[in-house]
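Participant: My structure is below; once you've seen it, I'll send some questions.
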């Protein structure tokens with residue numbers, strides 16, 4: 001984006017300072033090993049293996065208990081006197097808004113352009129595995145949360161790593177992992193969850209309002225866009241999690257419906273191509289054309305896109321889910337399983353299917369380049385262009401709709417990550433009003449900064465720090481998995497008894513008696 005020269009100069013200077021650090025950290029976090037002719041990032045393996053382990057350990061809970069999860073999110077088992085700030089649906093939409101963003105539009109387009117249509121199959125599989133990881137971390141988020149006197153909640157990996165590992169006899173390890181997780185999430189909040197989202201949404205706005213001649217392609221226009229967005233974010237941020245939940249509970253379903261409807265329109269206009277597209281996805285998943293590493297290459301691209309999209313195992317989502325109104329932690333763990341399904345299985349797959357069916361000159365060009373082994377532009381703006389181009393084959397007005405979707409996705413991501421950052425900041429610097437006000441001011445200033453500067457190196461550095469958080473978080477999840485299994489048993493029994501007609505009072509009385517007996521047995 002061509003703003004005034006001073007912004008470009010400042011951008012270059014900041015990038016040059018942080019580039020060496022970014023390069024080193026990216027090389028470490030995304031370290032890859034050759035596997036059947038393709039480069040396999042170990043961090044992707046770390047996330048996928050966790051999904052496999054937790055799926056097996058909990059007997060594929062993401063499939064067995066999805067009906068119970070849907071009943072919970074609809075409010076069937078809500079308790080009026082339960083502690084927390086938001087209901088199950090609001091907690092879910094808040095967490096979904098943090099993951100459903102530009103990656104669902106741009107990242108998927110790049111993934112299937114490079115990895116071929118078969119990458120979609122592996123993307124869906126990884127999303128299904130990620131549901132198990134989300135169940136574990138979000139159950140722990142509620143289990144070890146702190147309830148404040150004013151009714152607000154503090155939760156997330158910062159608390160379940162420190163308190164949970166202390167219970168397992170590892171207090172020092174817990175404190176170290178908690179502090180590192182908070183620092184990583186906070187850094188990503190400012191640059192990945194804030195600045196990057198604003199910058200890319202402005203870039204899309206510029207592209208449909210005259211490009212080089214757009215009023216937003218100037219420092220004044222960019223500053224106006226950033227200031228308006230910062231003001232909207234500030235209003236929501238001041239209201240806390242209740243305000244975020246109220247906004248996302250309306251915004252997420254609306255923008256999801258808007259985007260999926262557009263996808264379905266394109267698919268409808270090309271309905272005759274659907275069977276062959278599905279066949280191509282399955283066939284190329286196991287026998288891809290011209291992808292580096294063949295089958296493994298498509299698998300890696302699909303897994304990487306899904307892992308980066310739904311963030312299962314990173315530790316961010318438990319911060320939002322911990323604010324739920326419930327007395328039983330595993331109820332929200334079950335609800336959290338729906339999140340990767342919406343993010344990866346539904347929205348990412350709809351994007352992929354639309355592009356594969358509609359094609360478009362840009363997609364065909366990038367696919368041809370990838371097949372020939374050429375270098376492909378993997379930037380977000382390039383991915384958005386591929387998606388927009390594919391939709392344009394059926395809907396000439398789609399670039400304008402896409403701009404609205406991008407801005408809404410970006411805004412919802414920003415407000416959710418503002419909350420994640422606030423809780424991480426509080427863990428590191430305290431939850432006093434002064435401390436939190438300093439954070440909120442910095443965050444809103446960063447929104448304006450995102451409209452003026454791209455700071456690509458810092459965004460790249462933020463990506464590395466976020467997935468470094470997964471290294472710390474998943475270690476704790478392995479140690480605390482038995483705690484989650486115990487909570488799951490409690491909830492399944494609770495659901496069974498509620499469905500059988502037992503009252504809340506009867507169930508709680510029996511639970512208290514069982515807990516007292518357990519304590520007595522240990523003494």
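Placement of Cβ uses the backbone N, Cα and C atoms for every residue, glycine included.
Taken from TrEMBL, the feature transmembrane segment covers 40-61, 176-196, 216-239, 251-271, 291-308, 334-358, 397-420, 441-459, 465-484.
If you look at the structure here, what lies around each of the features I listed?
Facilitator: Among residues of the same chain six or more beyond the transmembrane segment (176-196), those with a C-beta under 8 A of the stretch's C-beta atoms are 98, 102, 156-159, 161-162, 165, 314-316, 319, 380, 413-414, 416-418, 420-421, 424-425, 427-428, 442-443, 446-447, 449-450, 453, 455, 458-459, 461-463, 465-466, 468-469, 472-473, 475-476.
Tertiary proximity for the transmembrane segment (216-239) is limited to same-chain residues at least six positions away from its ends with a CB under 8 Å from its CB atoms, namely 1-4, 6-7, 198, 202, 205-206, 209-210, 246-247, 411, 414-415, 418-419, 422, 440, 443-445, 447-452.
Listed by sequence, the residues of this chain that lie at least six past the ends of the transmembrane segment (251-271) yet keep a Cβ under 8 A from its Cβ atoms are 93, 96-97, 100, 342, 346-347, 350-351, 353-354, 357-358, 390-391, 393-395, 398, 401-402, 404-405, 408-409, 411-412.
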Participant: Which range wins on Cβ pairs under 8 Å with the transmembrane segment (465-484): 40-61, 334-358, 397-420?
Facilitator: 40-61
Participant: Which residues of the same chain, at least 6 past either end of the transmembrane segment (40-61), have a Cβ under 8 Å from a Cβ in it?
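Facilitator: Same-chain contacts beyond the ends: 29-34, 126, 129-133, 135-136, 296, 300, 303-304, 307, 312-313, 334, 337, 467, 470-471, 474, 477-478, 481, 484-485, 488.
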